[in-house]
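Features as listed in TrEMBL:
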- A:110-129: region 'Disordered' (REGION)
- A:119-129: compositional bias 'Basic and acidic residues' (COMPBIAS)
- A:170-174, A:280-281, A:312-315, A:319, A:336-339, A:406: GMP binding site (BINDING)
- A:336: active site, GMP-histidine intermediate (ACT_SITE)
DNA sequence: ATGTCC
């Protein structure tokens with residue numbers, strides 16, 4: 001296949017390989033990529049996915065490999081954020097004509113949302129976690145206690161009561177139909193408050209460490225721990241734990257969601273084993289070009305040859321179940337979505353509730369003023385995004401949502 | 001995205 005990426009090389013930095021043919025890239029995002037490319041710990045090159053856009057410290061939609069070092073702010077605070085999807089034996093015509101009760105059943109089964117507590121109750125957490133949650137927490141508790149002994153402030157987080165809960169912002173649950181009319185469940189969530197606390201804590205420590213070493217950084221948010229530094233090992237452990245919490249969180253929600261749909265839909269059904277559970281905001285050790293490196297995917301998905309992944313479109317747009325092509329130049333990665341073309345504030349200014357009603361026709365979901373920032377027109381064209389990464393992934397299934405629950 | 005001693 002022809003080469004699909006373009007290369008730019010900032011002065012004093014490694015090359016940036018960009019899979020962005022035919023999609024817009026902001027100047028600020030280019031500047032941010034150049035900052036990361038100038039770090040002395042970056043390995044070989046940086047890969048920018050077609051959904052690349054401005055983030056904090058590092059651009060969302062980028063893959064940053066580092067040698068004997070790790071950048072906590074590049075991973076960010078939503079550690080382990082990602083997607084899970086599961087195909088079922090249900091068909092479109094097995095679903096009820098009115099999907100509103102199905103949406104309510106899902107909303108009752110999975111705590112979601114947040115913001116101001118109503119009557120002292122947090123709708124985004126369990127009052128008392130059900131057995132399935134406590135079993136899952138059992139597999140995480142011991143390592144978490146060990147982390148708390150090293151970093152006692154982590155003990156103050158809401159952890160056990162947040163396992164199996166969705167969160168807010170762009171976290172969502174969907175019931176979708178694939179190209180053959182089969183029903184899928186899909187959801188987007190991360191490591192909730194505890195992952196946020198881990199991220200925040202170590203980002204602050206990395207900044208302090210950079211000040212003590214008087215490192216000359218292109219951006220303070222690109223502070224890194226070098227292997228052997230005081231908190232390097234603690235961060236590797238903590239970020240790994242938060243990623244496991246996030247993956248477990250998605251599994252628990254999927255199980256509770258399936259149980260809720262079984263009660264709401266009369267026809268019995270099975271779920272396929274081919275469930276996909278992938279992070280798109282994480283760091284892990286991998287081998288590339290003959291070296292052991294830390295690969296940070298900030299808004300990017302692992303796409304090794306044959307590996308399954310999920311690329312969700314926005315509310316009202318299609319989503320894709322993909323299979324990786326294992327392109328080494330992308331460090332075996334692909335995009336994590338469509339990517340925004342305007343900020344949430346801009347979207348709320350530009351579009352109306354009527355626009356949102358039109359854009360989400362046929363989807364059982366909220367359509368009020370509070371969700372206008374998720375309108376499909378605030379995102380890049382997902383078809384252009386998929387074309388730009390045709391050498392990174394192939395499409396296996398195309399999903400269109402019929403129910404969407406927003407966090 | 002999160003949880004509120006900003």
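Quick reminder: no glycine exception, Cβ is built from N, Cα and C everywhere.
Of the listed binding-site residues A:170, A:281, A:314, A:336, A:339, the Cβ environment within 10 Å is emptiest of other Cβ atoms at A:170. Sequence-distant contacts of the compositional bias 'Basic and acidic residues' (A:119-129) (same chain, at least 6 residues past either end, Cβ-Cβ under 8 Å): 111-113, 137, 158, 160-168, 407. Cβ environment of residue A:173 (GMP binding site): A:106, A:110, A:112, A:166, A:185, A:186, A:187, A:188, A:253, A:257, A:404, A:405 lie under 8 Å away, each six or more residues apart in the same chain. Shown for the compositional bias 'Basic and acidic residues' (A:119-129): DSSP residue counts in helix, strand and coil, namely 0 helix, 1 strand, 10 coil. Secondary structure at residue A:173 (GMP binding site), as computed by DSSP, is strand.
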